[in-house]
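Features of the protein shown, as given by Swiss-Prot:
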SIGNAL    1-26  signal peptide
REGION    27-379  region 'Catalytic domain'
BINDING   Asp39, Asp40, Cys79, Asp288, Asn289  Ca(2+) binding site
ACT_SITE  Cys79  active site, nucleophile
MOD_RES   Cys79  3-oxoalanine (Cys)
ACT_SITE  His142  active site
CARBOHYD  Asn204  N-linked glycosylation site
DISULFID  Cys308-Cys419  disulfide bond
CARBOHYD  Asn423  N-linked glycosylation site
DISULFID  Cys489-Cys518  disulfide bond
DISULFID  Cys501-Cys507  disulfide bond
Amino acid sequence: MAAVVAATRWWQLLLVLSAAGMGASGAPQPPNILLLLMDDMGWGDLGVYGEPSRETPNLDRMAAEGLLFPNFYSANPLCSPSRAALLTGRLPIRNGFYTTNAHARNAYTPQEIVGGIPDSEQLLPELLKKAGYVSKIVGKWHLGHRPQFHPLKHGFDEWFGSPNCHFGPYDNKARPNIPVYRDWEMVGRYYEEFPINLKTGEANLTQIYLQEALDFIKRQARHHPFFLYWAVDATHAPVYASKPFLGTSQRGRYGDAVREIDDSIGKILELLQDLHVADNTFVFFTSDNGAALISAPEQGGSNGPFLCGKQTTFEGGMREPALAWWPGHVTAGQVSHQLGSIMDLFTTSLALAGLTPPSDRAIDGLNLLPTLLQGRLMDRPIFYYRGDTLMAATLGQHKAHFWTWTNSWENFRQGIDFCPGQNVSGVTTHNLEDHTKLPLIFHLGRDPGERFPLSFASAEYQEALSRITSVVQQHQEALVPAQPQLNVCNWAVMNWAPPGCEKLGKCLTPPESIPKKCLWSH
């Protein structure tokens, strides 16, 4: 019955495509879906977004042949919550990927985290199965590493990659090296079977991830619609690239990583064209959060004209590069000023498959097909959360900050700075400043760097405040926060003995189990 419903809805979508002058011919076949998610890549890292060295020819061509979003946002300024939001279509405050351990703290999933994606959340690959999709994740999962959080338990059919970031190397005594999985079992660990040379920056991981993507596309292209989630992490510090790309960028080691990713994406798009499935494959490129300026320039990217970076709810922390490519459907050379969100990829992907989101829960993602296919703009807010705290909201061109904070004085004095060289008096604060009674409001069109707040006495301020306040009140009145998943840590749950370790002789002995509150210092 579900297959019949899916087919019926796909036929309805075909009628929409035909009405837009972009119809398909032959039997109804939902398009393949390919989501390219980068790690800590900034808005200003692509040539098409103004990066002066212009070392991303394939991504720039993807933009020229498709649609570019200059106003596209992650759902959080950190990796894990943003990825959970993409795959659920829901804000982290709704899907549980936040902490209540301290006010306005960011949180993610290091290997000592106890929590992960709850079974109650319905992920995109689970829902796409109803329309016959085969799904694979390549790269970084980051939604929990314990067995109950495994991606194959949440709808994916295949996985090659890791549950955590590639930090290390560790001594396998105080802390284990991070495992790499093929499907259900580990096949090695970072810095062991999958070496990363921290001194030179050399690692072959992006090439491995590229081959995994190419092989999957070749196997599936003629049989079933596929969903490929390509979540590479070469641009997350410590950044890496394979030997042919090392030393090739004007931007140092980070630029080498970007160049290799760009080359890989070019090869993926070329394969789609060679297999004659490009016109039946929707491709979307974006990043999980802003560039980590604390690691720049050698280990971090650029957020263009925007303030601060990863870890913050200023534009540099959550405004992302975003490109849509679907030959024959998305008109080439478009720029859309639609406010977009990473959560929209959930709802849009379901619409492409002829499916609708679950009706028993709040969904924050919009269906962007009217924008992609017909150029329509839709009103919507962007909410900027840090932990369980709504820090800011954007509506139209205006952004209101209810709280401001970069990082604590304690960490700042230790050299941790998420806004290096970007001090804005009264805005980039090292104390958590409460503006809820009189928010700071910026016009992002005139002031994308959030340096000049509107005068409280101006008519523009009063009008913007009224509109944003109304939307925020509606949001907060309807909000039902999920149980926080990122509160408890325990060294005993780290990657000591992942599934498959016995076959490799890689099992390690865990320490005593001592659950405790995670310390989120920022």
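Residue numbering: from 1, along the chain as shown.
Placement of Cβ uses the backbone N, Cα and C atoms for every residue, glycine included.
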Candidate with the highest Cβ count within 10 Å, taken from the recorded positions Cys79, Cys308, Cys489: Cys308
Using Cα positions only, nearest of the recorded positions to Asp288 (Ca(2+) binding site) (His142, Asn204, Cys308, Cys507): His142
Cα-Cα distance linking Cys507 (disulfide bond) and Asp40 (Ca(2+) binding site), given in Å to the nearest integer: 31
Cβ packing number for Asp40 (Ca(2+) binding site), 10 Å threshold: 28
DSSP-derived class (H/G/I helix, E/B strand, else coil) of Cys489 (disulfide bond): strand
Residues satisfying Cβ distance under 8 Å from Cys507 (disulfide bond), sequence separation of at least 6: Trp496, Ala497, Cys501
Additional residues around Ca(2+), ordered along the sequence, whose Cβ is within 8 Å of the centroid of Asp39, Asp40, Cys79, Asp288, Asn289: Met38, Met41, Ser74, Leu78, Ser82, Asp233, His236, Ser287, Lys310
Local backbone state of Asn423 (N-linked glycosylation site), from DSSP in three classes: coil
Distance [Cα-Cα, Å, rounded] between Asn204 (N-linked glycosylation site) and Cys489 (disulfide bond): 31
Cβ packing number for Asn423 (N-linked glycosylation site), 10 Å threshold: 12
Per DSSP, three-state class assigned to Cys308 (disulfide bond): coil
Sparsest Cβ surroundings (other CB atoms within 10 Å) among the disulfide-bonded residues Cys419, Cys501, Cys518: Cys501
Spatial neighbours, same chain, of His142 (active site) - Cβ under 8 Å, 6+ residues apart: Cys79, Ser80, Arg83, Tyr108, Thr109, Pro163, Asn164, Cys165
Candidate with the highest Cβ count within 10 Å, taken from the recorded positions Asn204, Asn289: Asn289
Nonlocal neighbours by CB distance (under 8 Å) for Asp39 (Ca(2+) binding site), same chain, sequence gap 6 or more: Cys79, Lys140, Cys165, Ala231, Val232, Asp233, Ala234, Thr235, His236, Ser287, Asp288
Neighbouring C-beta atoms (10 Å sphere around the C-beta of Asp288 (Ca(2+) binding site)): 29
